[in-house]
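Note sheet for the following structure.
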Amino acid sequence: MGLKVLSALDAAKIQLYHFKAIIIAGMGLFTDAYDLFCIPPILKLIGRIYYLDHHNSDKCSVMPKETQYKTTPTAVVSTLVSIALLGTAVGQLVFGRLGDRAGRRRVYGLSLGMMVLSSLACGFSICKTRNCVLVSLGFFRFLLGVGIGGDYPLSATIMSEFANKKTRGAFIAAVFSMQGLGILASSIVTMAVCRIFEVSSNEPKSETPDEADIAWRLILMMGAVPAALTYYWRMMMPETARYTALVEQNVVQAAIDMKKVLDVPMSEIAEDSPIRLKPPAPPNPSYPLLSKRFLRRHGVDLFCCAATWFLVDVVFYSSNLLQSQIYHRFIKDNNNDVNGYKLAFKVARFQAILAISSTIPGYWVTVYFIDRIGRVKIQMLGFLFMALVYFAIGIPYKYYWSDNIGVGFMALYSLSFFFSNFGPNTTTFIVPAELFPARFRSTCHGIAGAVGKVGAIIGTIGFFWASRNEKDSDKPNPVRMTVALVILGVVCLVGLVLTYFLTRETMGRSLEDNEIYEDELIYHT
C-alpha cells in the first residue's frame, strides 16, 4: 500500500498555504524577469552616459553641447545577457543537485540570498569608467544568474511536492507566472525612477545629467526588495513531506511537517502501523544518477525535457532581444533632443504594454487550462502557433516588414509571446518537476533548465548575428533577419514534433504514478 501522508497530499483541498507557497516560491522567478527586462532601458541610460562621440568617452563628466549620443553596442548587450544566462545554467546544475542531496529547504534560502546580494551589488558596480563598470556589472550579473538558476529547480520541485494532484499544474504555473509580474514591475520601477530623476534635475532636459549614473543603479537594486521581503518566510518553510518520506525515509517527520502547513487531520496522515524499508534505509539510491539503469528508466524523459526547453529558450530569448529592433523604429536612440531619462522611460513603457497585452495573459491562460487540457496539448499548441507567427513575420520580412513595422507586425509579435507562455515556456518548467523520482527530481529539473539556458545563449548570439545593421543604416540586414526568423519557426516545429512523440502527459496523476516506479519501498503491517 502507499504512504498515507503522500495520499493525503494528493487529495488535500486547496488551502491558504498553497497560495502563500506560490508567493514565496515565485519570488525567484519574479526577480529573474525583473532582472532580464530592466536591462534594455538601463542599457539606454548606460549608452547615454558612457558611449559618447568624443575623445574622453570613458569619463563621466558634464557633456558639451556638441556631444553626439551613441547607443550601447549590440555586442555589449548580448554579452551582458549571455553572462547572466551562463550563471543561471551553473546555478540550475549546482542547486538542483544540492536540492536532492541536502534537501530542498536547506538550500532554498541560499539561492534567494544570492539573488538579493547580487542585485544590490549590480547597483554598486564599483567604478565610473565604462570598461570597469561593464566588467563589474557583468561579474555581479553572473552571480545573480547563479542565484536565479538555483531557484528554478527548487521552486518547481517544492511547489509540485506540496500541491495536490488535481491542481498541481495550476499551482506550478502560477509560480512561473510571477515572471509576468516581474516584467511589469521592472517597467513600472524604471518609469518611476526615470520620471523622478528627470523632474528633479536642474540641467537642461536635452542632456543626460550625471545623476543618471545613479538612476540605473537604483533600478537594479530595487529588484532585491521583493525577494528580500520573502526571505524570512522561505527560511520558515518546512521540508516537503515527499522528500522527507521518500528520500530521507522518515515518514513520521513527514507527517509532522505536513501538519504544520496544511489543515489535515493527523489521523489521515499518520501511519496505522510501523513501516519497514527493504533494503533498510540505504544511504544512497539503488542506482546512481545518469547510470545505465537511470538512463533506461528516465533517459527519454530527461532528453525530452531538456531538448524542448533548449528549443523554446532559443526562440524566447531571441524574441526578447528582437524588441530592441522594434522600439528602435519608434524611439530614436541618437536623438539629442531626448534625454536618457525619456529614452529609458519610453523603452520601459513599451515593455509594459507588451507585458499587459500578451505576456501576462499567456501565463494566466495556462494557469486556467493546464489541469483541464493537459501539458502536452498546451505545449504542442504553443509550438505550433509560435511557428506560424515566425513564418508570418520572417518569410515576407525582407520584402515588407523591414520597412513597415507597425500595428500588424506588433500584433504578430505579441502573439509570439502569448503562445510562448500559453505553451512551452511554461510547460517546460512544469513537466520536469512531475516526471522524475523524488531523489532525482530537483537534479533532473536543473539539468533540463541548464540545457535550456544553453539554448538561450545560442539564441542571444544568433540574434546578435541577425541584428547587425546595414552599412550607413540603423536597420538590421533584412536578409539576415529573414533567415533568423524563419529558423526560429523551424525550431518551433522541431519542438512540436518532439513533444508529440516523446513527452508524457502528467495531468491528474500523483507524482509517484508519474515515475517509472520501482518497488523499493515495501510497506508491512
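Every residue number used here counts from 1 along the chain in the order it is shown.
Every residue, even glycine, has its Cβ placed from backbone N, Cα and C.
Under the heading transmembrane segment, TrEMBL lists 21-43 (among others).
Per TrEMBL, the feature domain 'Major facilitator superfamily (MFS) profile' maps to 21-507.
Per TrEMBL, the feature transmembrane segment maps to 75-95 (among others).
Annotation comment: TrEMBL describes 107-126 (among others) as transmembrane segment.
What TrEMBL records for 138-158 (among others) is transmembrane segment.
Marked as transmembrane segment by TrEMBL: 170-194 (among others). For the transmembrane segment (170-194), the residues of the chain that approach it from at least six positions outside its boundaries are 18, 21-23, 25-27, 29-38, 41-42, 155-156, 159-160, 162-163, 215, 218-219, 222-223, 226, 341-342, 344-345, 347-349, 351-352, 355-356, 359-360, 362-364, 366-368, 370-371, 421, 426, 429-430, 433-434, judged by C-beta separation under 8 angstroms.
The transmembrane segment annotation in TrEMBL covers 214-233 (among others). If one looks beyond the transmembrane segment (214-233) by at least 6 residues along the same chain, the residues whose Cβ comes under 8 Å of a Cβ in the stretch are 20, 23-24, 27-28, 30-31, 34-35, 38, 41-42, 45-46, 49, 109, 112-113, 115-117, 119-120, 122-125, 185-186, 189-190, 193-194, 197, 341, 344.
Per TrEMBL, the feature transmembrane segment maps to 300-319 (among others). For the transmembrane segment (300-319), the residues of the chain that approach it from at least six positions outside its boundaries are 81, 85, 379, 383, 386, 390, 413, 416-417, 420, 423-425, 428, 431-432, 435-436, 444-445, 447-449, 451-456, 458-460, 462-463, 484, 488, 491-492, 494-495, 498-499, 502-504, judged by C-beta separation under 8 angstroms.
The feature transmembrane segment is assigned by TrEMBL to 350-369 (among others). Outside the transmembrane segment (350-369) by six or more residues, the chain places 37, 40-41, 170, 173-174, 176-177, 179-181, 183-184, 186-188, 191, 323, 326-327, 330-331, 378, 414-415, 417-423, 425-427 with a CB less than 8 A from a CB of the stretch.
For 381-399 (among others), the entry in TrEMBL reads transmembrane segment.
Long-range contacts of the transmembrane segment (405-423) within the same chain: residues 180, 312, 315-316, 319, 322, 326, 329, 354, 357-359, 361-363, 365-366, 369, 378-379, 381-383, 385-386, 389-390, 392-393, each at least 6 residues beyond the stretch ends and with a Cβ under 8 Å from a Cβ of the stretch. What TrEMBL records for 405-423 (among others) is transmembrane segment.
Annotation comment: TrEMBL describes 444-467 (among others) as transmembrane segment. Outside the transmembrane segment (444-467) by six or more residues, the chain places 74-75, 78, 81-82, 85-86, 88-90, 92-97, 99, 149, 152-153, 156-157, 298, 301-302, 305-307, 309-318, 321-322, 324-325, 428-429, 432-433, 435-436, 476-477, 480-481, 483-484, 487 with a CB less than 8 A from a CB of the stretch.
Annotation source TrEMBL lists transmembrane segment at 479-502 (among others).
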